[in-house]
Each structure stands twice: as structure tokens, then as C-alpha cells.
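Residues annotated as repeat 'TPR' in TrEMBL: 311-344, 345-378, 413-446, 452-485, 486-519.
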Amino acid sequence: MREEEIERLRGVVRDCVSKHLYSSAIFFADKVAAITSDPADIYMQAQALYLGRHYRRAFHLLNASQIVLRDLRFRYLAAKCLEELKEWDQCLLMLGDAKVDEHGNITDTRECNSMYLDKDGEDREINILSAICFLRGKAYEALENRAQARLWYKAAIKADPLCYEALECLIENHMLACDEEKTLLSCLQFGPEDGWLSSFYSCLIKKYDKENVVEAKFRELEQGGPNTKTSEKSVLCTLKANTDLLACKAEYYHQCGEYQKCFELTSELLEKDPFHLKCTLVHLAAAMELGHSNELYLMACNLVKDYPQKALSWFAVGCYYYCIKKYDQARRYFSKSTSLDGTFASAWIGYGNAYAAQEEGDQAMSAYRTAARLFPGYHLPTLYIGMEYMRTHSFKLAEQFFMQAKSICPSDPLVYNELGVVAYHMKEYKKAVRWFEKTLAHIPSSLSEMWESTVINLAHSLRKLKRYNEAITYYERALALSTRSLSTYAGLAYTYHLQNNYTAAITYYHKALWLKPDDQFCTEMLTSALVDESRQGIDPMVESRCGGLFI
């Protein structure tokens, strides 16, 4: 057969693969390989077999060739076949021995060099070294060696920043703490034309920084910074309405407590792309916070219909039942979600929260501990463990777990708030004031009603330290956030009472009792304030304004 005829058959194989006619591709690739015995044609045949899901046969073909241990493409494809067959130990053996340090740097330089020498693709090909590191990471994760998996994922993204899947595994599986994510991104070697990608990656990681920092990242990605090339600015402008970028922005709104803004953005996104699963998860979380049970019900029905085998679908069902306070059913579906995907962090948290809602502390702790073990870069499981200890008045233990959560994510204001609460319970009021002030300093955006309790707690702590004027200032800030808080009016009244300002105290006790007429503390203290005022005498200014009508 002439060379041009063989080349035509190769073209037929490539066309069959592009049209997903895998049986045809296998048939013609087998004939080409039989005629030429060329390693490139044998590799093409193995590729066709792999795409046609004939993994055993593809592996046998590759393993029988003499080149499999010398050509990295052969070795990698053979390992991919073993991955599909779930033979993880054999997969690692096929990939060969290699070592990686704690920073994700490969220490076996001989293998690194050989991999670069064997790389013979187009300029924009993903580095084969990166693909092999990523596959090692997947194998170790499947073998539940998450520490090694994390190192190999880091090695993969360092070897080639275009290997997005490695970064996705690190972020989605919460394998790195906040500072570790930033450090990893800072040491990636992007090409001169990949500035936009560096900005995009910085939007994917945890977003607990101050509002101006995070918003600047989004602005740079949407419009381009001062150092952005003109050619890149056109690319960035087209990304402004990109669903992945807007999903990142929605995630940021959720993290800083802007649940309504988050919900509106995700609703708009899901109209454009109803099957964007990352956006769907954020949408479910926002709907839960806002108590939109109807929306959760509709989302759950659609997800179960479209994706019955996905953990997210059953997580949505659990969210609906949690929202309507049917915690037994919520637990059942959160549990189903974790059984379908053991690395789904949100399902583990929901499972624990459903137990905690009914004060079943031991089961809640078990779920949180599992999540803390599986997701070392996720601070919420540790934070919730601390909350459970605080609920049972084990304040020292609670403080230890809150400090551990702080070491994982030092930017989340909720961590500092819980440290302040536990210090208040232990009567360490100076420490409580410091933690509450740090909470307010770490809130990414302007104060919202979500943080009203923090402001009130800070005021209570200042009152305990007899710093009455400062306490009154913070009580008034709390009133600016919400005028429906009994605790604020009662605290403000009591502070004025302690300052012997009985008129103001009586006014605020009345306001508190207007919200809750049967409140025992305010009723007793109002009586006390009236007695104290009568003993002190009526304020002459008040008497003159009232025309001397007091008896």
C-alpha cells in the first residue's frame, strides 16, 4: 500500500474520532497499525480503543509494545487505562517512581529531564509532566492518601499553569488553606500572553479579603489593569459576562454575607446557563440563607430529574428539607449526597448542621470531624466543632478549635466573632473586646444587619469593663443596623441605668418592652429605674418641659 493511501486512512481515523464514531476509528486504526507497525500508529490505535472504552484491550496493546517504558505518551495512556479500571496501585507503578517535596517541587530531576526531552507536541500542548503529576494525584486521592494527592496536584499546576484540573481539585476539595492558595498562585510561571489567566485564577481561590481588594481583582479581569497589553484587553472585555467569572463573583457575595445580591446574580446566571453546576451550588446556599423554600423545591426537582446520580441533586433535596425545618429528612438526603461523593464538602457540613439543629451533638461532631479530616484547607468544619463545644459550655475546648480555624483561614470575620463570644462566656472581657474589634476590622464590606450581633456583643463587653460611653456608641451603631432588637434596647437601657441616667434608661426599657412585653429582665429593671429616679428627684428640665404636672 502506498504512503499516500496509508495517510488517507490515518485521516479517516482522525475524522472518525472527531465524529465520535469510535468503532470505525478502531477498525481503521487497527489496519493502519498492522500495515506500518509504526509506534505512532500503534499509539493512535490505543487512543481509539481508549475513547471507545476498551480499556483492557488498549492497555494490553500498549503494554505489549517495546516502547511503553521509553515513550511517556505510551506510559501515560497505559496509566489512564488503569485509572478507568480503578487499578490505582498498578496505575502508580506504570507512571514510575518519582518524589515530590512539601512545596510541590519534583525532586527526581532525572525523571523531570526525561519528561521534557520526550515532549514533542505543539507549543500550547499541556506539559506531559503536568498530566502525569495530575494523574498521580488522582490515584493517591482514590487510595485516600490525600496528603500525597495534594502534593502531586501542586506539582501538576506548577509544571504547567494551564493544567486547570489540578487547581480545580485543590480548590474544590479544600486541600489548601487561604495562605497556601495565595502562595501557590504567586509562584506559578505564566507565559507573557497568559496575564488574564493569572487574574482569573486569583478570583477562583477563597475570597475573604477586604472588599476593595477582591473588587479590584474582578475589575482587573473585566477591564484590564494599567500593565495589561492592548491585545489582552479585548480578551478581558469578552470575559466580563463569562459565567465562570460571574459565578466567582456570586461566591464572593455569599462569603461576605450579601445573600440577596448573590441570589439575584445566580438567578440571572442560571437563566443563561441552567446547567452551570458551580453556580447552582452557590444559588442553593443563597436560597437557604434567605429562606426561599419554593425555589429550593423547584431546583431540587429539576436536579434530581436531570442528574439523578450526582451528589449535588440530593444535596439540593436536603437543603429544601433543612429550610422547612424537617431535619430528619434533611439528614437522609445529605447522607445520600455524601455516599455518592465523599469529597462533597457542603454535604458533610449540611449533614452535621441537620444534627446540630436538633442538638444531637455527638452525631454532629462526627460529621464535622469527618469533614475536617477530608478537607484540611476548609475552616468551617473546625469552626462548627468549636460551636458545638461552646453549646455544651466546654469553653476551653471551643477556644482551641476556633484558634485552629483561625490558623486555616485568618481572614474570616466569623472566626473572630466566635473567639469573642467564647472569651465573653469565660468572663475575659478585655480579650472579648479585642476579638470583636478584629471581627469588625475583617468584615470585607460595609456593616450589614448580619453583623448586628457582633456590634451588640462588643457593646456588652465594653459595658462589663465599665467603658459606658464606648458601649453606648456601639449600641447606637447596632440600632442603625436594626431597630427590632430587644438585646440592643435592653443593653442600652441598662448602660444608661448604670450611669445613673434614669430618664434615658426608662425610655429604652419601654422600647424594649414594646418589642417583648413579658421580658422579665426589662420589667424588673424598669421598676428599679423608676424607683431610682423617684429617689433622685425629677430632672428639673423634664419638669419644666412637662409644665410641672408631676405629682
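Cβ atoms here come from the backbone N, Cα and C positions, even for glycine.
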Subject >> Winner by Cβ pairs under 8 Å against the repeat 'TPR' (452-485), considering only 311-344, 345-378, 413-446 >> reply: 413-446
**OP:** Residue list, the repeat 'TPR' (311-344) vs rest of chain: Cβ under 8 Å, 6 or more residues beyond ends.
**Re:** 141, 173, 277, 280-281, 284-285, 287-288, 291-293, 296-297, 299-300, 303-304, 350-351, 353-355, 357-358, 374
Original post:
the repeat 'TPR' (311-344): mean pLDDT?
Top reply: 96
